Amino acid sequence: MADADAAVPPVVVPSSAPPPAPPGGAPPKVTHHGRVAAPVASSNEDTEELPEFEPFGAPGPRGFPSLAEYLDISKVDMMKNRAEINHQQHHTDRFNTNFLIVRRGQEFQVKITFNRPYDADKDKFAVEFGIGPSPQFSKRTYMPVFPTPERQSPWAGRVVVAAGPEVTMGITPTADAIVGRYRLYVAVVTPYGIRRTCTDVSRDLYILYNPWVKEDVVFLEDEEERDECVLNESGVIYHGTWDDIAERNWNFGQFDFGVLDACLYVMDRAGMPIVNRGDPVKMARIASAMLNSRDDDGVLVGSWSGDYSYGVAPTSWTGSTDILLSYYRTRKPVGYAQCWVYAAVFNSFLRCLGIPARVVTNFYSAHDNDGNLKTDIILDENGRIDRKNTRDSIWNYHCWNECFMARADLPTGFGGWQAVDATPQETSDGMFRCGPASVRAIKHGELCFPFDAAFVFAEVNSDVVFHSRKRDGTMEVVKVKKDHVGRLILTKATGSYDSRDITELYKFPEGSVEERTVLEKGEVYGCARDQSTLPEADVELRLPALEVAVGDDFELCLEAVSRSGESRTVDAYITGSVVYYTGVTSADFLFKTPTLELEANQSGCVKELWQVPARSYMKKLVEQANLHFIATGKVKETGQIITAMKVVALHMPKLSIKVSGLNKVNELMVATVDFTNPFSLVLEHVYVHGISGYDKLTMCMAQQIVEHIFDTKLKHLCPFLSCCYTR
């Protein structure tokens, strides 16, 4: 045995490998020692306190003499009442807060009361601001502000009014000041040292981005658009399909109590250096990673599975406040989200900090796994979809955000609206995030500009390429649809609840000279399109539009139109699938193989009709399900492959809400929610979800009423649900 042991060669650790873990398996802790003098300041919550007295030298044998004869501070009034000048002029009066909130690049006022009248010739004082641990002037995390023009710091200061012992000080932070929560002190210079006010949390203040000031990089000149994208607390998020658009109302709640602290905590959790928080480009990029939990325990856990046992279903959320406050309170990611929830919460984050933002929806959004401008659909030799080998998907819709800012890191003209996306789709620089990408750069094909312009470009410009896969595995391109992806891009209109079409901000008209130039430019940067030149088919397949409510039987129609005037025979396949809104197939429920005969010189079209009973698809539905029909056909006379696609959004039953009572703050109101059950089956576990979260009383009432109605056995009538609650 000893010889056998001796024969075992020693384990050699390559020099490039990390050192072995210490006993217990825990990896060695990474510290700043030996690399930098102090850790990087990255927590806004950990603000260092300044000493109340800072001597100029060592005290004498009897200590420092009495400072009673020198100027001292009796009171500091932050003028933080929402009706006072600071909140009104800085457009922060809507914040539900006990603190002063102002915007950078604009003067705010603080009233200081001294122990005697202030004498500008002999009294010296300063208002000091500190943010984060170890505030330093060189890093702009410590900033003294002086009242006299002879001595100024980067933040301007002036005496607005001096009346006896009261001095009103005007303070103007720079337009690129760090955004976050500051601690304020008033310091007086004496011959023996600097005396300060003691630390008082009530004197903390928040400084935000300022889209009202031209010097700030987030300045937005259009007043109506600025009010919409910064101050509006409610919005509309669009979903469904491009020809059957649905709406979700959302409460962004950026001014709700605690939301601002929650947003700053998100940056703390990301470890974002305090010194970088004045840069909206860096702020938006880090936030796009932190709003999802994939690689950094960020705010939201994404789930498209339909199982939401350990959280809240994405469709149940109606506002951002509960999500952000839950993350701030528990320090744990919140479940669950899908693209519109990520976009809505990201919108709240950006607006709360003062960055103009809006939610946009791209209908038929390509999610391309290959990094090109092709969404590949594989057909077998007979024209049926080969689902095993079809990996790319087209989302029926996808939501992301745009935020408005100048881009000093890009050439002139590429500032303005920037696309950012918190939905975890692909990694960017090793993390699940996207943007900010200049929308103008996307439109003009400047895909080398940071960040992730090529990914967004593909989302709105991909071709849908149909391949016929032979038995030997070779593939041939048989059809290219160039106008399917990025069919329509919407956002909420300014000042109304209508939609606004912003497709032209992302792409030139289909088939235009400008579009061809942009696509050629995109190829230079690696975004290759399919170059197949296929003869135009002389037969066209069509799937007419359908409006279908959940539980409806409906009639499906396939049309064939001849363009040649000659007789044609089309062997067709049509499949019907239940798909998630991401385009991923859940289950097939229909398969037909019609043969369409078109006679020579026939005008009009040939139709094939099928009755689709609700029972064929109802049991296969998933959350936010759509019905996806793909028809493919082969023309016998020419061998050409023709295709048609149609996504049918299922319409959900509507809720009717009526409010009665006095429409006054803090007054009792009663909301009646009416719901008509459209099905001939019993609905169980009915919940009513409101802006503020689940109301248990409401849920119990709803369930009891539904059960009571069905106990009457009136199953052939539409049951009616009514429940009341108070807020």
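Cβ atoms here come from the backbone N, Cα and C positions, even for glycine.
For reference, TrEMBL has these:
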| type | residues | note |
| --- | --- | --- |
| REGION | 1-61 | region 'Disordered' |
| COMPBIAS | 1-15 | compositional bias 'Low complexity' |
| COMPBIAS | 16-26 | compositional bias 'Pro residues' |
| ACT_SITE | C339 | active site |
| ACT_SITE | H398 | active site |
| ACT_SITE | D421 | active site |
| BINDING | N461, D463, E510, E515 | Ca(2+) binding site |
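Across the fold, the C-alpha of D421 (active site) and the C-alpha of H398 (active site) stand 10 Å from each other. Other than N461, D463, E510, E515, the residues of this chain whose Cβ falls within 8 Å of the Cβ centroid of the Ca(2+) site are, in sequence order, K482, D483, V485, G486, K507, L519. For the pair D463 (Ca(2+) binding site) and C339 (active site), the C-alpha distance works out to 22 angstrom.
Listed in sequence order, the residues of the same chain lying 6 or more apart from C339 (active site) and placing their CB within less than 8 Å of its CB are W395, Y397, H398, C399, W400, T423. Note on E515 (Ca(2+) binding site): other Cβ atoms within 10 Å of its Cβ, all shown chains, come to 17.
Other C-beta atoms found within 10 angstroms of the C-beta of E510 (Ca(2+) binding site) number 12, with every protein chain shown included. Residue with the densest Cβ environment among the recorded positions D421, D463: D421, by other Cβ atoms within 10 Å. Every protein chain shown contributes to the tally, and the Cβ of N461 (Ca(2+) binding site) ends up with 24 other Cβ atoms within 10 Å.
A 10 Å cutoff on Cβ-Cβ distances gives H398 (active site) a total of 27 other Cβ atoms nearby, all chains included.
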